[in-house]
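**Student:** Look at Swiss-Prot and you will find ASP16, ASP18, ASP188 tagged as Mg(2+) binding site, backed by similarity to another entry. Summarising the annotation, Swiss-Prot assigns substrate binding site to ASP16, LEU17, ASP18. Taken from Swiss-Prot, the feature active site, nucleophile applies to ASP16, supported by similarity to another entry.
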Amino acid sequence: MRFYRPLGRISALTFDLDDTLYDNRPVILRTEREALTFVQNYHPALRSFQNEDLQRLRQAVREAEPEIYHDVTRWRFRSIEQAMLDAGLSAEEASAGAHAAMINFAKWRSRIDVPQQTHDTLKQLAKKWPLVAITNGNAQPELFGLGDYFEFVLRAGPHGRSKPFSDMYFLAAEKLNVPIGEILHVGDDLTTDVGGAIRSGMQACWIRPENGDLMQTWDSRLLPHLEISRLASLTSLI
């Protein structure tokens, strides 16, 4: 544990999910593979559909709806819906197909192997402070055993713009009824988590990714209050 700024009073903790509480890389790789297979098998006209086609459609959807990137679930839905429209399905069929694809996506997205260390750490921390999850993604903690640790979960899109925008940080403080400066946000991303939290008035803990090096960042404004390499280190703050 390394300290870079004076750590003040802590009345609550907020957490990023992906790559902070578990390794999200294998989850996403498997989910994207299964999601593509589902779309390809959904209709004969989509048999040759590839991830490159999805990326092209995602870009087109974002150009038409610039703010949609804040809601990754809606963005994916609209992209798949457009793929089905392009394949010749009716508007009703495309909407139904996109909904089915998203149900399949959510199923695979929630098959996450959470380390026991994460469970043990969150359990201890939750005895001391209220915990909140703040995510730009579409993981659902209640589906992979983490839901009970959190007072609530905030997701970009339904609860505001994505991090590093301040919407969800401000909303967390409001819902917790805690001064924002007394909240410690924990995350792996120096921009969305550390930078976003600090610019919103929170304290920030950077959980350093493998091979991460704070000294390689060019933006000194991203300096966290503290840096850890293991989630369990947070229990020393109790």
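We number each residue from 1, going along the chain as drawn.
Cβ from N, Cα, C; glycine included.
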**Student:** Just name the winner among ASP16, ASP18 (the binding-site residues) by count of other CB atoms within 10 A of its CB.
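**Tutor:** When each Cβ's neighbours within 10 Å are tallied, ASP16 leads.
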**Student:** Taking the binding-site residues one at a time (LEU17, ASP188), which has its Cβ surrounded by the most other Cβ atoms within 10 Å?
**Tutor:** LEU17
**Student:** Just the number: how many Å between the Cα atoms of LEU17 (substrate binding site) and ASP188 (Mg(2+) binding site)?
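**Tutor:** About 9 Å separate the Cα atoms of these two residues.
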**Student:** I want the residues beyond ASP16, LEU17, ASP18 whose C-beta is within 8 angstroms of the mean position of the substrate site's C-beta atoms, in chain order.
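**Tutor:** Here the nearby residues are PHE15, ASP19, THR20, LEU21, ASN24, ALA133, THR135, ASN136, GLY137, ALA139, GLY187, ASP188.
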